[in-house]
Amino acid sequence: MALEAGRGTLGLHGPTLRGEGDTLPSGDGHTARGLSSNHEAEQAMTYIGEPDYRHGSLHGLGVLITNLGTPDAPTPSALRRYLKEFLWDERVVEAPRPLWWLLLNGLILNTRPRQSAAKYARIWGKDGSPLLTITQAQGKAVAQRVAARLHGPVKVVVAMRYGNPSIRAGLEELRRAGARRILVLPLYPQYAASTTGSTFDAVTRALSAWRWVPETRFIMGYHDDGAYLDAVAASIREHWATHGQGERLLFSFHGIPRDYLDQGDPYHCYCQTTARLVAERLELPEDRWLVSFQSRFGKAQWLTPYTLETIVGLPGQGVKSLDVVCPGFSADCLETLEEIADESREAFIEAGGERFSYIPSLNARQDHADALADLICRHAQGWPEADEHYDREAQREAGELARVRALAMGAKH
């Protein structure tokens, strides 16, 4: 969704380089440069304003629900655009920019898009990417629940950190709807700098272009939230009731480089906590469940144990039936549908396993929507829309009075 024509926009640059004066094209088509104070002073700043603002307008709460993102189509060209934006994010790949730019543009973007496009094509639905369609369904379900529980005007918008619909477009939609308070909910239960942290970066960069910056709150994560944990446990029980229970339950989370943990990222701890709390709800003995980390990228050490190595090794330990759940993924996507449900299943059977069962992500389950709505309503406390005494008619009357006063003082609208 484009910004309004004729309104000024702030050019958003790529990540800052380590040295001043360096200039490289960034992954999103902008320029990545060293930011010296002199250079910054020379930049003309134009903000997104509201010249047609109508005094006395009724303001409200905007909720921005975000997920990682997806390519626009399962094609090499679409994957190249998506991966270029994703992999240029400094939160995702913490490497010196000049060296990483050469590796990304010289090698990775010339080989990986075609490989990834073939995988996306296998999971692509008639309505598009599963991640996008599921997240949109989640947004609608959450919007209905939040509107029923809050007392003032609220608008819920879904956006993606990479690709479309973008975070800037989502925020612009909220701005046009009159949101003066914005609550951001990234759908990553376990905080990591490379996911939730990157989302907060993108939101604040986008808002830095606004003339009238709204009150903003961020939900950092919900790895130990009771309603979320109950929903995960319920989904596992329901799967067992239908498909039977395996000898082991494997909790597979997306991995991050080990160095990020060593530098203080809490993600690993949050994953372990989520798995333990779900296992307790299922009353599983400690020897019946495991934790592993998937989707390793590159040659550096990532969080261990690795999911694929764990799955392949279990048959040799006498485990012939395995259930795998991915509680860090709020919606099924390439990493769950292709990497786990397909590739990992095949690897387990080839290694001597007999039964492999993937337990779907929470997706658009009712209890999942309930849990997310609970999070939003709790974090909205203290804002007018969450006040049980909020009176829309009184707000409208106060707005009209304010408008009369503003016009009397010379306001245009």
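Keep in mind that glycine also has a Cβ here, set from the backbone N, Cα and C atoms.
Keep in mind that TrEMBL annotations are predicted by a computer and have not been checked by a curator.
Copied from TrEMBL, the annotated features are:
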- 1-37: region 'Disordered' (REGION)
- H254, E335: Fe(2+) binding site (BINDING)
### Message
Sequence gap of 6 or more, Cβ distance under 8 Å: name the residues on the same chain that satisfy this around H254 (Fe(2+) binding site), in order along the sequence.
### Response
F293, Q294, S295, G328, F329, E335
#### Entry: DSSP three-state assignment for H254 (Fe(2+) binding site)
strand
#### Entry: Local backbone state of E335 (Fe(2+) binding site), from DSSP in three classes
helix
